[in-house]
Amino acid sequence: MKFTLSWLKDHLETDASLDEIVERLTSIGLEVEHVDDKSSLKPFVIAKVLTAVQHPDADRLRVLTVDTGDGKSPVQVVCGAPNARAGLIGAFAAPGTYVPGIDVTLTVGKIRGVESHGMMCSERELELSDEHNGIIDLPADAPVGTSFASYAHLDDPVIEINLTPNRPDATSVYGIARDLAASGLGTLKSAAVEKIPGKGETPVKVVIEAPELCPGFALRLVRGVKNGPSPKWLQQRLIAIGLRPISALVDITNYVTFDRGRPLHVFDARKVAGNLVVRRAHDGEKVMALDGREYTLTPDMCAIADDNGVESIAGVMGGEHSGCDENTTDVLIESALWDPITTARTGRTLGIITDARYRFERGVDPEFMVPGVELATRLVLDLCGGEPAETEVVGYAGHKPKIVSFPISEVTRLTGIEVPKEESLDILSRLGFKPQGSSEVVDVALPSWRPDVDGKADLVEEVMRIHGVDNIAPQPLGAHDAVNSKILTTLQVRTRTAKRALAVRGMMEAVTWSFIPAKHAELFGGGQTALKLANPIAADMSDMRPSLLPGLIAAAQRNADKGIGDVALFEVSGTYEGDGADQQRRVAAGVRRGTAKLDGSGRSWAGNSGPVGVFDAKADAIAALEACGAPVERLQIEAGGPAWYHPGRSGTIKLGPKTVLGTFGEFHPKTMEGLDVSGPLCGFEVFVDAVPEPKAKPTKTKPKLELSAFQAVKRDFAFVVDKAVEAGTLVRAALAADKKLITAVSVFDIFEGASLGADKKSIAIEVSIQPVEKTLTDEDFEALAKRVVENVGKQTGGVLRG
């Protein structure tokens, strides 16, 4: 929300300085985000170039004589601007002036041997824009000798506040002035709006077919207007807050929107056919809006239509067909009340952001619907002339204020601050609330412009933000001599350790949205009605995510689109299987794209630049589970994963027959097509909350590290097994042959060929043997090897490859 200081003072009688106003705004909850104060431009004056001759020693410089309008002799200025010429009127900086755009304080100096007494400035040097190809060139009637900042209306600071969604009353300059006055920083000026008598009825009638979408509608015809440019003061205010002046009629509606928080719309009455009907839009109905784009409407949107069709998207944007232009002579002024939720949903679905939508979706003051028409009528008559008809009001039955029972003691109970009863009631009264009664519990009537206030806690908040939250005395946090229990829960510890484990593996942590498109949710097992948002922040963020993978895959693709195709990302966060509290899961997930392997990415002379695959994802998943405390040696890997993985290049990690701890693999081509991404791409998900809790054991000191004094030995074995035998089964069989001596088993080769026989394959393993009590003899190694072969043969049917 932007406004100028002079605009604020139209509604607030105050002698407070800009700094005091800014400080007070923030202290009462209207956080100031930025102040554009051009006070540094006060020393710059409008000056006229009398002569411009070539510099004697520089081809690109000119020597100017400049009249600064101070009644003294013209000054000499050396200038390099290509547009410097006799007769030009621009902005002049005298010696001693600080020029913000170049961060220099001017002095009298010589430029290539010629003295220069000041500077003719460009827009960039005054920080007005990036334009620096020439000095500022003002109109011929610009008053020489006067302040440039005053002439260009740069001496009126622009204040921007960052509004929270619960403050619709502060979407107007008047509402902000009301808050400042309530805080004691000035007096609020009268808000009375003159009632303009009309001549005859407004011939266009209004029919409301959807009262649930439009509880009130006011319409007024003004005949004989002249729609030209708006006056300079109005244009300057709109420009200051970032709006583009269009015409007097349109500028009036924009002005009232910001001045009083009342969005309006104007129709060219000659372009309206028949009466106006407020109804639900028909499915597939189209309208060309004022932004020049055609929009397709749906039945959950509200439209204003006539015999020609839709003339306006209610509460969001008007239609081009009935818009006002320079030929408009008869105008219909519309002021209506629109359902906030419908307005917000319509704007999000169509992708339209307007100042009207911003206010209607937060809630406007219903009691200012008719006064808004009167205010706009007065401005139209003053700026465009014309003759008004009577105002047509349909549907609005008046505002019935809500009454809240307010115990005065709530202020102390909720804040710990003793605010006198009289002060509390006085603050509420200054804010427009109406306390009734004098006991310790008073009934408070809520003002029509505060739909955000609902109960007694809200009233306490209103009292405290005006009384001053800085009056709450700081309290130190309680200190404990010792912590007798765990600070973090098991799930929190697992989340932290999983993040560390994945980061160590070269993956970067990402934080993605919990909301994803419905199409993506369905690809990953979601899409249930219970997981659809009632009020999504965007049309493509409609479902709670059933998996972390869609967000991570999309993030990896965005990196690839920007030239970073080899990327490894992970996230540890929540997923949703339903809307129950017990249906939210804690998941660690990750994706690798391109050649982003554990040992590096990109092309290399060492030849490690192959694409990522299923085993990269498997290793990541196992590492995450191990960090979470899962018994890795007991995990079972089953071929095949959920439908979003490639059926032949994916797997499921289980602990026992029923407990699924994770999935991993390369993604199915249809999944990648549905997400509109490219590969190579693999990923994994492990369910952190599914890892069983370790059994409670008496606390023991960690045993000392005992290292064997004997040399470790490695032996290789190659077994021929059926193709259906998994490598993991063979590895576990080899490990079980002697758990005391065998410390590790790893697969280093898999071979299939006709020489092995039909449906056979060879798996080669490396067995690490660590003697503990003595150096093993050849006979010991032979006996151990025999046990390995026997155990593998017993559990897998494998035989040593000859």
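In case you wondered, yes, glycine gets a Cβ from its N, Cα and C as well.
DSSP labels the residues of the domain 'tRNA-binding' (38-149) in these numbers: 5 helix, 39 strand, 68 coil. Annotation comment: Swiss-Prot describes 38-149 as domain 'tRNA-binding'.
The average pLDDT for the domain 'B5' (399-474) in the predicted structure is 92. Per Swiss-Prot, domain 'B5' is recorded for 399-474.
The local packing around Asp458 (Mg(2+) binding site), expressed as other Cβ atoms within 10 Å of its Cβ over all shown chains, amounts to 16. Look at Asp458 (Mg(2+) binding site): DSSP puts it in a helix. What Swiss-Prot records for Asp452, Asp458, Glu461, Glu462 is Mg(2+) binding site, and it gives sequence analysis as the kind of evidence.
Residues or ranges marked as domain 'FDX-ACB' by Swiss-Prot on the basis of sequence analysis: 708-801.
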Those binding-site residues listed as Glu461, Glu462, and which of them has the most Cβ atoms within 10 Å of its own Cβ: Glu462
Asp452, Asp458, Glu461, Glu462 excluded, remaining Cβ within 8 Å of their centroid (Mg(2+)): Asn166, Arg450, Val453, Asp454, Ala457, Leu459, Val460
Same-chain residues at least 6 apart in sequence whose Cβ lies under 8 Å from Asp452 (Mg(2+) binding site): Asn166, Arg167, Pro168, Asp169, Gly363, Asp458
Residue distribution over DSSP helix, strand and coil in the domain 'B5' (399-474): 32 helix, 13 strand, 31 coil
